[in-house]
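Accompanying notes for the structure given below.
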There are 2 protein chains.
Amino acid sequence: MKGDSSSGLAIETRPKSRSGKRVGGSRRIRELTRLVERLGITNTASVDWHLLDLALTHPSSSSLANYQQLEFVGDAVVRLAASELLLETYPQAPVGDFAAIRSILVSDRVLAEFAESYGMDQFLLMAGSAAKNKAGARSRLADAFEAVLGALYLSTHSMSLVRPWLDPILKEKADQIRQDPARQNYKDALQEWTQAHYKVLPQYQVEETGQGYDDPERFTAYVWLKDHFLSQGKGRSKKAAQQAAAQAAYQQLSK
Amino acid sequence: MKGDSSSGLAIETRPKSRSGKRVGGSRRIRELTRLVERLGITNTASVDWHLLDLALTHPSSSSLANYQQLEFVGDAVVRLAASELLLETYPQAPVGDFAAIRSILVSDRVLAEFAESYGMDQFLLMAGSAAKNKAGARSRLADAFEAVLGALYLSTHSMSLVRPWLDPILKEKADQIRQDPARQNYKDALQEWTQAHYKVLPQYQVEETGQGYDDPERFTAYVWLKDHFLSQGKGRSKKAAQQAAAQAAYQQLSK
(Lines of atoms letter the chains of each structure in order from A and count residues from 1; the text may use other names and numbers.)
(Lines give C-alpha, C1' and ligand atoms only; values in the text may rest on other atoms or scores of the structure.)
Protein backbone atom coordinates (compact mmCIF):
# COMPACT_ATOMS: atom_id res chain seq x y z
CA MET A 1 0.00 0.00 0.00
CA LYS A 2 2.74 2.45 0.73
CA GLY A 3 5.72 1.13 -1.18
CA ASP A 4 9.11 1.96 0.24
CA SER A 5 9.93 5.13 2.07
CA SER A 6 9.94 7.56 -0.82
CA SER A 7 9.04 5.64 -3.96
CA GLY A 8 7.54 7.72 -6.67
CA LEU A 9 8.17 11.08 -5.04
CA ALA A 10 9.48 13.84 -7.25
CA ILE A 11 11.72 14.67 -4.37
CA GLU A 12 13.65 11.50 -5.02
CA THR A 13 15.35 12.71 -8.18
CA ARG A 14 18.00 14.99 -6.86
CA PRO A 15 19.43 17.63 -9.17
CA LYS A 16 22.38 19.77 -8.25
CA SER A 17 21.49 23.02 -6.59
CA ARG A 18 21.69 26.16 -8.67
CA SER A 19 25.04 27.01 -7.21
CA GLY A 20 26.31 23.78 -8.73
CA LYS A 21 27.32 22.56 -5.28
CA ARG A 22 26.26 18.98 -4.84
CA VAL A 23 24.03 18.82 -1.78
CA GLY A 24 23.70 15.62 0.15
CA GLY A 25 27.46 14.95 0.35
CA SER A 26 29.13 13.41 3.37
CA ARG A 27 29.74 16.79 5.00
CA ARG A 28 26.02 17.54 4.77
CA ILE A 29 25.22 14.14 6.26
CA ARG A 30 27.52 14.89 9.20
CA GLU A 31 25.71 18.21 9.68
CA LEU A 32 22.29 16.57 9.59
CA THR A 33 23.47 13.89 12.02
CA ARG A 34 24.22 16.69 14.48
CA LEU A 35 20.65 17.96 14.15
CA VAL A 36 19.17 14.49 14.58
CA GLU A 37 21.25 14.03 17.73
CA ARG A 38 19.98 17.37 19.03
CA LEU A 39 16.43 16.15 18.53
CA GLY A 40 17.36 13.18 20.69
CA ILE A 41 16.65 10.60 18.01
CA THR A 42 18.61 7.47 18.84
CA ASN A 43 17.32 5.19 16.10
CA THR A 44 19.28 7.04 13.40
CA ALA A 45 19.40 3.97 11.13
CA SER A 46 15.77 4.59 10.10
CA VAL A 47 16.31 8.24 9.12
CA ASP A 48 16.03 8.87 5.39
CA TRP A 49 18.93 11.31 5.04
CA HIS A 50 17.96 12.28 1.54
CA LEU A 51 14.52 13.42 2.72
CA LEU A 52 15.98 15.22 5.72
CA ASP A 53 18.41 17.03 3.43
CA LEU A 54 15.49 18.15 1.24
CA ALA A 55 13.52 19.24 4.30
CA LEU A 56 16.30 21.69 5.06
CA THR A 57 16.65 23.05 1.52
CA HIS A 58 14.86 26.34 0.92
CA PRO A 59 13.29 26.96 -2.53
CA SER A 60 15.85 29.76 -3.06
CA SER A 61 18.60 27.14 -2.92
CA SER A 62 16.90 24.71 -5.32
CA SER A 63 13.75 25.52 -7.21
CA LEU A 64 13.14 21.84 -7.97
CA ALA A 65 14.35 19.85 -4.99
CA ASN A 66 13.33 21.71 -1.85
CA TYR A 67 11.21 21.42 1.23
CA GLN A 68 7.82 22.32 -0.25
CA GLN A 69 6.39 18.81 -0.73
CA LEU A 70 7.66 17.66 2.66
CA GLU A 71 6.19 20.73 4.31
CA PHE A 72 2.81 19.74 2.86
CA VAL A 73 3.05 16.33 4.56
CA GLY A 74 4.59 17.74 7.73
CA ASP A 75 1.69 20.13 8.20
CA ALA A 76 -0.58 17.08 8.56
CA VAL A 77 1.96 15.24 10.73
CA VAL A 78 2.15 17.96 13.37
CA ARG A 79 -1.62 18.29 13.36
CA LEU A 80 -2.03 14.59 14.04
CA ALA A 81 0.72 14.49 16.66
CA ALA A 82 -0.85 17.47 18.45
CA SER A 83 -4.31 15.85 18.32
CA GLU A 84 -3.10 12.61 19.87
CA LEU A 85 -1.08 14.41 22.51
CA LEU A 86 -3.96 16.70 23.55
CA LEU A 87 -6.38 13.79 23.81
CA GLU A 88 -3.94 11.75 25.89
CA THR A 89 -2.91 14.65 28.12
CA TYR A 90 -6.22 16.39 28.83
CA PRO A 91 -8.80 13.65 28.43
CA GLN A 92 -11.49 15.72 30.12
CA ALA A 93 -11.12 18.97 28.17
CA PRO A 94 -13.97 20.01 25.88
CA VAL A 95 -13.33 19.31 22.20
CA GLY A 96 -13.69 23.03 21.39
CA ASP A 97 -10.69 23.71 23.63
CA PHE A 98 -8.69 21.01 21.86
CA ALA A 99 -9.32 22.68 18.54
CA ALA A 100 -8.31 26.10 19.85
CA ILE A 101 -5.11 24.82 21.48
CA ARG A 102 -4.22 22.75 18.43
CA SER A 103 -4.55 25.78 16.18
CA ILE A 104 -1.98 27.59 18.31
CA LEU A 105 0.37 24.59 18.54
CA VAL A 106 0.49 24.28 14.75
CA SER A 107 0.75 28.04 14.11
CA ASP A 108 3.79 29.50 12.34
CA ARG A 109 4.66 31.40 15.49
CA VAL A 110 4.95 28.29 17.67
CA LEU A 111 6.55 26.07 15.04
CA ALA A 112 9.18 28.73 14.29
CA GLU A 113 9.89 28.91 18.02
CA PHE A 114 10.42 25.14 18.12
CA ALA A 115 12.69 25.29 15.07
CA GLU A 116 14.71 28.04 16.69
CA SER A 117 15.11 26.12 19.93
CA TYR A 118 16.93 23.42 17.93
CA GLY A 119 18.92 25.97 15.93
CA MET A 120 17.43 24.63 12.70
CA ASP A 121 18.24 27.85 10.82
CA GLN A 122 21.91 26.80 10.88
CA PHE A 123 21.05 23.72 8.82
CA LEU A 124 18.78 25.41 6.28
CA LEU A 125 20.36 25.75 2.83
CA MET A 126 19.22 28.93 1.13
CA ALA A 127 20.36 31.67 -1.19
CA GLY A 128 21.94 34.69 0.48
CA SER A 129 19.26 36.95 -0.96
CA ALA A 130 16.54 34.92 0.80
CA ALA A 131 18.47 34.93 4.08
CA LYS A 132 18.43 38.73 4.01
CA ASN A 133 14.64 38.72 4.11
CA LYS A 134 14.28 39.01 7.88
CA ALA A 135 10.53 39.46 7.66
CA GLY A 136 10.21 36.01 6.12
CA ALA A 137 12.31 34.34 8.82
CA ARG A 138 9.37 33.12 10.87
CA SER A 139 7.49 31.42 8.06
CA ARG A 140 10.75 30.01 6.67
CA LEU A 141 11.56 28.41 10.01
CA ALA A 142 8.02 27.12 10.48
CA ASP A 143 8.03 25.66 6.95
CA ALA A 144 11.38 23.96 7.52
CA PHE A 145 10.18 22.57 10.83
CA GLU A 146 7.10 21.06 9.20
CA ALA A 147 9.27 19.67 6.40
CA VAL A 148 11.59 18.01 8.92
CA LEU A 149 8.53 16.38 10.51
CA GLY A 150 7.42 15.28 7.04
CA ALA A 151 10.85 13.78 6.31
CA LEU A 152 10.98 11.92 9.62
CA TYR A 153 7.43 10.63 9.23
CA LEU A 154 8.04 9.42 5.68
CA SER A 155 11.30 7.76 6.77
CA THR A 156 9.28 5.06 8.52
CA HIS A 157 5.66 5.90 7.58
CA SER A 158 5.01 6.16 11.28
CA MET A 159 5.37 8.58 14.18
CA SER A 160 8.25 6.59 15.70
CA LEU A 161 10.92 9.19 14.79
CA VAL A 162 8.64 12.11 15.61
CA ARG A 163 6.66 11.73 18.80
CA PRO A 164 9.51 10.78 21.21
CA TRP A 165 11.02 14.28 20.94
CA LEU A 166 8.03 16.29 19.70
CA ASP A 167 5.58 15.20 22.42
CA PRO A 168 7.48 16.83 25.31
CA ILE A 169 7.78 20.21 23.57
CA LEU A 170 4.15 20.14 22.41
CA LYS A 171 3.06 19.25 25.93
CA GLU A 172 5.11 22.03 27.52
CA LYS A 173 3.64 24.55 25.09
CA ALA A 174 0.09 23.22 25.53
CA ASP A 175 0.46 23.57 29.30
CA GLN A 176 1.61 27.18 28.88
CA ILE A 177 -1.33 27.96 26.62
CA ARG A 178 -3.80 26.48 29.08
CA GLN A 179 -2.27 28.18 32.12
CA ASP A 180 -1.71 31.59 30.62
CA PRO A 181 -4.30 32.37 27.98
CA ALA A 182 -2.58 35.72 27.32
CA ARG A 183 0.10 33.79 25.42
CA GLN A 184 -2.54 32.62 23.01
CA ASN A 185 -3.17 34.01 19.61
CA TYR A 186 -6.85 34.67 20.14
CA LYS A 187 -7.58 35.41 16.49
CA ASP A 188 -6.41 31.91 15.56
CA ALA A 189 -8.21 30.40 18.53
CA LEU A 190 -11.48 32.17 17.71
CA GLN A 191 -11.25 31.18 14.05
CA GLU A 192 -10.66 27.53 14.94
CA TRP A 193 -13.55 27.60 17.42
CA THR A 194 -16.07 29.19 15.05
CA GLN A 195 -15.04 26.85 12.24
CA ALA A 196 -15.40 23.82 14.50
CA HIS A 197 -18.80 24.92 15.80
CA TYR A 198 -20.38 26.88 12.97
CA LYS A 199 -18.18 26.25 9.92
CA VAL A 200 -17.78 29.98 9.34
CA LEU A 201 -14.98 32.47 9.91
CA PRO A 202 -15.31 35.50 12.17
CA GLN A 203 -15.30 38.86 10.37
CA TYR A 204 -13.42 41.90 11.65
CA GLN A 205 -13.83 45.60 11.09
CA VAL A 206 -11.35 48.16 12.42
CA GLU A 207 -11.80 51.89 12.94
CA GLU A 208 -9.37 54.55 14.05
CA THR A 209 -11.03 55.88 17.19
CA GLY A 210 -8.16 57.22 19.32
CA GLN A 211 -5.73 60.13 19.56
CA GLY A 212 -2.88 59.22 17.24
CA TYR A 213 0.31 57.24 17.40
CA ASP A 214 0.83 56.78 21.13
CA ASP A 215 -2.74 56.21 22.22
CA PRO A 216 -3.08 52.63 23.54
CA GLU A 217 -6.70 52.80 22.42
CA ARG A 218 -5.98 54.23 18.97
CA PHE A 219 -7.90 51.51 17.10
CA THR A 220 -11.18 49.78 17.85
CA ALA A 221 -11.90 46.39 16.26
CA TYR A 222 -15.34 44.80 15.98
CA VAL A 223 -15.85 41.10 15.39
CA TRP A 224 -18.91 39.39 13.93
CA LEU A 225 -20.02 35.82 13.38
CA LYS A 226 -22.28 35.87 10.33
CA ASP A 227 -24.64 38.73 11.19
CA HIS A 228 -24.22 38.32 14.92
CA PHE A 229 -22.04 40.93 16.65
CA LEU A 230 -19.69 39.19 19.07
CA SER A 231 -17.44 41.70 20.70
CA GLN A 232 -15.04 44.62 20.37
CA GLY A 233 -11.53 45.48 21.51
CA LYS A 234 -9.06 48.37 21.48
CA GLY A 235 -5.35 48.58 20.83
CA ARG A 236 -2.39 50.68 19.75
CA SER A 237 -2.30 48.88 16.37
CA LYS A 238 -5.01 47.40 14.19
CA LYS A 239 -3.60 43.97 14.97
CA ALA A 240 -3.66 44.54 18.73
CA ALA A 241 -7.25 45.79 18.55
CA GLN A 242 -8.30 42.69 16.60
CA GLN A 243 -6.57 40.43 19.11
CA ALA A 244 -8.37 42.20 21.96
CA ALA A 245 -11.73 41.80 20.19
CA ALA A 246 -10.98 38.15 19.43
CA GLN A 247 -9.98 37.51 23.05
CA ALA A 248 -13.22 38.95 24.40
CA ALA A 249 -15.26 36.99 21.85
CA TYR A 250 -13.35 33.76 22.47
CA GLN A 251 -13.70 33.93 26.23
CA GLN A 252 -17.40 34.65 25.92
CA LEU A 253 -18.06 31.82 23.43
CA SER A 254 -15.93 29.14 25.04
CA LYS A 255 -17.56 29.54 28.47
CA MET B 1 5.51 7.69 24.94
CA LYS B 2 2.09 6.71 23.77
CA GLY B 3 0.90 4.29 26.40
CA ASP B 4 -1.58 1.71 25.29
CA SER B 5 -4.21 2.27 22.68
CA SER B 6 -6.56 4.46 24.63
CA SER B 7 -5.05 5.06 28.06
CA GLY B 8 -6.09 8.25 29.69
CA LEU B 9 -8.83 9.10 27.21
CA ALA B 10 -12.10 10.34 28.59
CA ILE B 11 -13.67 8.17 25.97
CA GLU B 12 -12.58 5.13 27.92
CA THR B 13 -15.13 5.49 30.68
CA ARG B 14 -18.29 4.24 29.14
CA PRO B 15 -21.62 5.18 30.64
CA LYS B 16 -24.88 3.65 29.54
CA SER B 17 -26.58 5.53 26.77
CA ARG B 18 -29.56 7.69 27.66
CA SER B 19 -31.94 5.07 26.48
CA GLY B 20 -30.50 2.83 29.20
CA LYS B 21 -29.47 0.30 26.58
CA ARG B 22 -25.95 -0.81 27.22
CA VAL B 23 -23.98 -0.01 24.10
CA GLY B 24 -20.94 -2.05 23.27
CA GLY B 25 -22.65 -5.37 23.93
CA SER B 26 -22.10 -8.44 21.80
CA ARG B 27 -24.83 -7.53 19.33
CA ARG B 28 -23.17 -4.16 18.74
CA ILE B 29 -19.80 -5.88 18.27
CA ARG B 30 -21.36 -8.15 15.60
CA GLU B 31 -22.75 -5.06 13.86
CA LEU B 32 -19.39 -3.30 13.95
CA THR B 33 -17.67 -6.44 12.68
CA ARG B 34 -19.91 -6.25 9.61
CA LEU B 35 -18.76 -2.67 8.98
CA VAL B 36 -15.09 -3.57 9.44
CA GLU B 37 -15.54 -6.41 6.94
CA ARG B 38 -17.13 -4.00 4.49
CA LEU B 39 -14.10 -1.76 4.79
CA GLY B 40 -12.03 -4.78 3.80
CA ILE B 41 -10.01 -4.83 7.03
CA THR B 42 -8.66 -8.33 7.51
CA ASN B 43 -6.53 -7.74 10.59
CA THR B 44 -9.58 -7.42 12.85
CA ALA B 45 -7.65 -8.51 15.94
CA SER B 46 -6.05 -5.04 16.17
CA VAL B 47 -9.35 -3.13 16.05
CA ASP B 48 -10.24 -1.40 19.32
CA TRP B 49 -13.98 -2.18 19.34
CA HIS B 50 -14.67 0.18 22.17
CA LEU B 51 -13.24 3.11 20.18
CA LEU B 52 -15.07 2.05 17.04
CA ASP B 53 -18.32 1.87 19.00
CA LEU B 54 -17.72 5.43 20.25
CA ALA B 55 -16.90 6.60 16.73
CA LEU B 56 -20.38 5.57 15.70
CA THR B 57 -22.18 7.16 18.63
CA HIS B 58 -23.72 10.56 17.91
CA PRO B 59 -23.77 13.18 20.71
CA SER B 60 -27.58 12.90 20.72
CA SER B 61 -27.21 9.28 21.84
CA SER B 62 -24.68 10.00 24.58
CA SER B 63 -23.65 13.49 25.61
CA LEU B 64 -20.55 12.17 27.38
CA ALA B 65 -19.30 9.20 25.40
CA ASN B 66 -19.62 10.03 21.72
CA TYR B 67 -17.62 10.56 18.59
CA GLN B 68 -16.46 14.12 19.16
CA GLN B 69 -12.95 13.44 20.48
CA LEU B 70 -12.31 10.77 17.86
CA GLU B 71 -13.53 13.09 15.12
CA PHE B 72 -10.90 15.60 16.28
CA VAL B 73 -8.16 13.00 15.78
CA GLY B 74 -9.68 11.61 12.59
CA ASP B 75 -9.69 15.03 10.97
CA ALA B 76 -5.89 14.99 11.23
CA VAL B 77 -5.70 11.33 10.16
CA VAL B 78 -7.51 11.87 6.86
CA ARG B 79 -5.44 14.98 6.19
CA LEU B 80 -2.21 13.02 6.64
CA ALA B 81 -3.43 10.03 4.63
CA ALA B 82 -4.48 12.33 1.78
CA SER B 83 -1.14 14.16 1.88
CA GLU B 84 0.86 10.95 1.62
CA LEU B 85 -1.36 9.56 -1.11
CA LEU B 86 -1.19 12.72 -3.23
CA LEU B 87 2.58 12.91 -2.95
CA GLU B 88 2.98 9.25 -3.88
CA THR B 89 0.45 9.34 -6.71
CA TYR B 90 1.25 12.65 -8.42
CA PRO B 91 4.91 13.22 -7.60
CA GLN B 92 5.24 15.94 -10.24
CA ALA B 93 2.18 18.05 -9.37
CA PRO B 94 2.79 21.55 -8.00
CA VAL B 95 2.36 21.82 -4.23
CA GLY B 96 -0.42 24.41 -4.69
CA ASP B 97 -2.45 21.78 -6.52
CA PHE B 98 -1.87 19.28 -3.73
CA ALA B 99 -3.28 21.74 -1.23
CA ALA B 100 -6.34 22.44 -3.36
CA ILE B 101 -7.07 18.75 -4.00
CA ARG B 102 -6.50 17.86 -0.36
CA SER B 103 -8.99 20.50 0.75
CA ILE B 104 -11.64 18.85 -1.41
CA LEU B 105 -10.74 15.30 -0.32
CA VAL B 106 -11.16 16.22 3.34
CA SER B 107 -14.32 18.30 2.82
CA ASP B 108 -17.59 17.30 4.49
CA ARG B 109 -19.12 16.71 1.08
CA VAL B 110 -16.55 14.09 0.04
CA LEU B 111 -16.22 12.44 3.46
CA ALA B 112 -20.00 12.10 3.74
CA GLU B 113 -20.01 10.50 0.29
CA PHE B 114 -17.40 7.97 1.44
CA ALA B 115 -19.39 7.24 4.62
CA GLU B 116 -22.51 6.70 2.55
CA SER B 117 -20.77 4.33 0.17
CA TYR B 118 -20.11 2.06 3.16
CA GLY B 119 -23.61 2.55 4.57
CA MET B 120 -22.17 3.96 7.78
CA ASP B 121 -25.43 5.68 8.68
CA GLN B 122 -26.87 2.26 9.50
CA PHE B 123 -24.30 1.86 12.25
CA LEU B 124 -24.57 5.33 13.78
CA LEU B 125 -26.34 5.36 17.14
CA MET B 126 -28.37 8.52 17.57
CA ALA B 127 -31.55 9.89 19.08
CA GLY B 128 -34.58 9.84 16.81
CA SER B 129 -34.89 13.60 17.06
CA ALA B 130 -31.40 14.04 15.62
CA ALA B 131 -32.07 11.55 12.84
CA LYS B 132 -34.99 13.67 11.70
CA ASN B 133 -32.64 16.56 11.01
CA LYS B 134 -32.07 15.82 7.34
CA ALA B 135 -30.14 19.05 6.82
CA GLY B 136 -27.53 17.87 9.30
CA ALA B 137 -27.11 14.49 7.61
CA ARG B 138 -24.04 15.45 5.61
CA SER B 139 -22.02 16.83 8.47
CA ARG B 140 -23.15 13.96 10.73
CA LEU B 141 -21.88 11.43 8.22
CA ALA B 142 -18.63 13.30 7.64
CA ASP B 143 -18.08 13.58 11.40
CA ALA B 144 -18.73 9.88 11.91
CA PHE B 145 -16.40 9.01 9.04
CA GLU B 146 -13.59 11.06 10.58
CA ALA B 147 -14.30 9.49 13.97
CA VAL B 148 -14.04 5.99 12.48
CA LEU B 149 -10.65 6.96 11.02
CA GLY B 150 -9.65 8.28 14.45
CA ALA B 151 -10.72 5.03 16.13
CA LEU B 152 -8.85 2.87 13.63
CA TYR B 153 -5.74 5.03 13.83
CA LEU B 154 -5.73 4.99 17.64
CA SER B 155 -6.28 1.20 17.63
CA THR B 156 -2.67 0.72 16.51
CA HIS B 157 -1.25 4.28 16.59
CA SER B 158 -0.46 3.78 12.94
CA MET B 159 -2.11 3.93 9.52
CA SER B 160 -2.11 0.14 9.15
CA LEU B 161 -5.89 -0.21 9.61
CA VAL B 162 -6.63 2.93 7.59
CA ARG B 163 -4.63 3.26 4.41
CA PRO B 164 -5.28 -0.22 2.88
CA TRP B 165 -8.95 0.64 2.28
CA LEU B 166 -8.86 4.44 2.37
CA ASP B 167 -6.09 4.88 -0.23
CA PRO B 168 -8.06 3.41 -3.15
CA ILE B 169 -11.13 5.59 -2.53
CA LEU B 170 -9.02 8.71 -1.98
CA LYS B 171 -7.12 7.96 -5.18
CA GLU B 172 -10.27 7.43 -7.21
CA LYS B 173 -11.69 10.72 -5.95
CA ALA B 174 -8.41 12.58 -6.49
CA ASP B 175 -8.32 11.31 -10.08
CA GLN B 176 -11.87 12.55 -10.64
CA ILE B 177 -11.03 15.95 -9.23
CA ARG B 178 -7.96 16.27 -11.43
CA GLN B 179 -9.72 15.06 -14.56
CA ASP B 180 -12.94 16.98 -14.17
CA PRO B 181 -12.36 20.25 -12.38
CA ALA B 182 -16.10 20.99 -12.54
CA ARG B 183 -16.57 18.45 -9.75
CA GLN B 184 -14.45 20.62 -7.51
CA ASN B 185 -15.66 22.93 -4.86
CA TYR B 186 -13.81 25.99 -6.14
CA LYS B 187 -14.49 28.10 -3.07
CA ASP B 188 -12.66 25.56 -0.91
CA ALA B 189 -9.93 25.16 -3.50
CA LEU B 190 -9.39 28.91 -3.81
CA GLN B 191 -9.34 29.35 -0.05
CA GLU B 192 -6.76 26.59 0.38
CA TRP B 193 -4.65 28.05 -2.42
CA THR B 194 -4.67 31.63 -1.12
CA GLN B 195 -3.93 30.46 2.42
CA ALA B 196 -1.03 28.33 1.20
CA HIS B 197 0.44 31.14 -0.90
CA TYR B 198 -0.53 34.36 0.87
CA LYS B 199 -1.89 33.27 4.26
CA VAL B 200 -5.10 35.22 3.69
CA LEU B 201 -8.66 34.26 2.82
CA PRO B 202 -10.44 35.47 -0.31
CA GLN B 203 -13.29 37.91 0.29
CA TYR B 204 -16.62 37.75 -1.56
CA GLN B 205 -19.28 40.30 -2.28
CA VAL B 206 -22.59 39.37 -3.93
CA GLU B 207 -25.11 41.62 -5.67
CA GLU B 208 -28.49 40.86 -7.16
CA THR B 209 -28.00 41.86 -10.78
CA GLY B 210 -30.48 39.71 -12.73
CA GLN B 211 -34.17 39.38 -13.48
CA GLY B 212 -35.61 37.42 -10.56
CA TYR B 213 -36.03 33.82 -9.59
CA ASP B 214 -35.43 31.99 -12.84
CA ASP B 215 -32.60 34.06 -14.25
CA PRO B 216 -29.44 31.90 -14.38
CA GLU B 217 -27.49 35.15 -13.98
CA ARG B 218 -29.59 36.49 -11.11
CA PHE B 219 -26.59 37.09 -8.80
CA THR B 220 -23.10 38.40 -9.49
CA ALA B 221 -20.31 37.60 -7.05
CA TYR B 222 -16.99 39.43 -6.86
CA VAL B 223 -13.92 37.97 -5.20
CA TRP B 224 -10.92 39.84 -3.80
CA LEU B 225 -7.59 38.88 -2.31
CA LYS B 226 -6.67 41.63 0.14
CA ASP B 227 -7.28 44.75 -1.94
CA HIS B 228 -6.67 43.00 -5.23
CA PHE B 229 -9.75 42.22 -7.32
CA LEU B 230 -9.49 38.67 -8.67
CA SER B 231 -12.58 37.80 -10.61
CA GLN B 232 -16.35 37.68 -10.83
CA GLY B 233 -19.02 35.10 -11.60
CA LYS B 234 -22.76 34.83 -12.09
CA GLY B 235 -25.31 32.30 -10.92
CA ARG B 236 -28.93 31.53 -10.11
CA SER B 237 -28.15 31.55 -6.38
CA LYS B 238 -25.66 33.51 -4.30
CA LYS B 239 -23.77 30.28 -3.72
CA ALA B 240 -23.60 29.44 -7.41
CA ALA B 241 -22.37 32.94 -8.24
CA GLN B 242 -19.63 32.66 -5.60
CA GLN B 243 -18.58 29.26 -6.96
CA ALA B 244 -18.39 30.73 -10.46
CA ALA B 245 -16.29 33.64 -9.24
CA ALA B 246 -14.05 31.29 -7.24
CA GLN B 247 -13.62 29.01 -10.25
CA ALA B 248 -12.50 31.86 -12.50
CA ALA B 249 -10.13 33.15 -9.82
CA TYR B 250 -8.73 29.70 -9.07
CA GLN B 251 -8.07 28.86 -12.70
CA GLN B 252 -6.39 32.20 -13.22
CA LEU B 253 -4.17 31.92 -10.11
CA SER B 254 -3.19 28.28 -10.42
CA LYS B 255 -1.98 28.65 -14.01
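Placement of Cβ uses the backbone N, Cα and C atoms for every residue, glycine included.
Not measured: the values here are computed from a predicted model.
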Need one residue: from B:Glu71, B:Glu208, B:Glu217, the one TrEMBL lists with B:Asp143, B:Glu146 for Mg(2+).
B:Glu71
Reported in the order helix, strand, coil, what are the DSSP residue counts of the domain 'RNase III' (B:32-157)?
92 helix, 2 strand, 32 coil
Among the recorded positions B:Glu71, B:Asp75, B:Glu146, the one whose Cβ has the most other Cβ atoms within 10 Å is B:Glu146
On the DSSP side of things, how many residues of the domain 'DRBM' (B:185-255) fall into helix, strand and coil, could you say?
29 helix, 21 strand, 21 coil
Averaged over the domain 'RNase III' (B:32-157), what pLDDT does the prediction give?
93
Cβ-centroid neighbours of Mg(2+) site B:Glu71, B:Asp143, B:Glu146, 8 Å, sequence order
B:Tyr67, B:Gln68, B:Leu70, B:Phe72, B:Gly74, B:Asp75, B:Ala142, B:Ala144, B:Phe145, B:Ala147, B:Gly150
Specify the count of other C-beta atoms within 10 Å of the C-beta of B:Asp143 (Mg(2+) binding site).
26
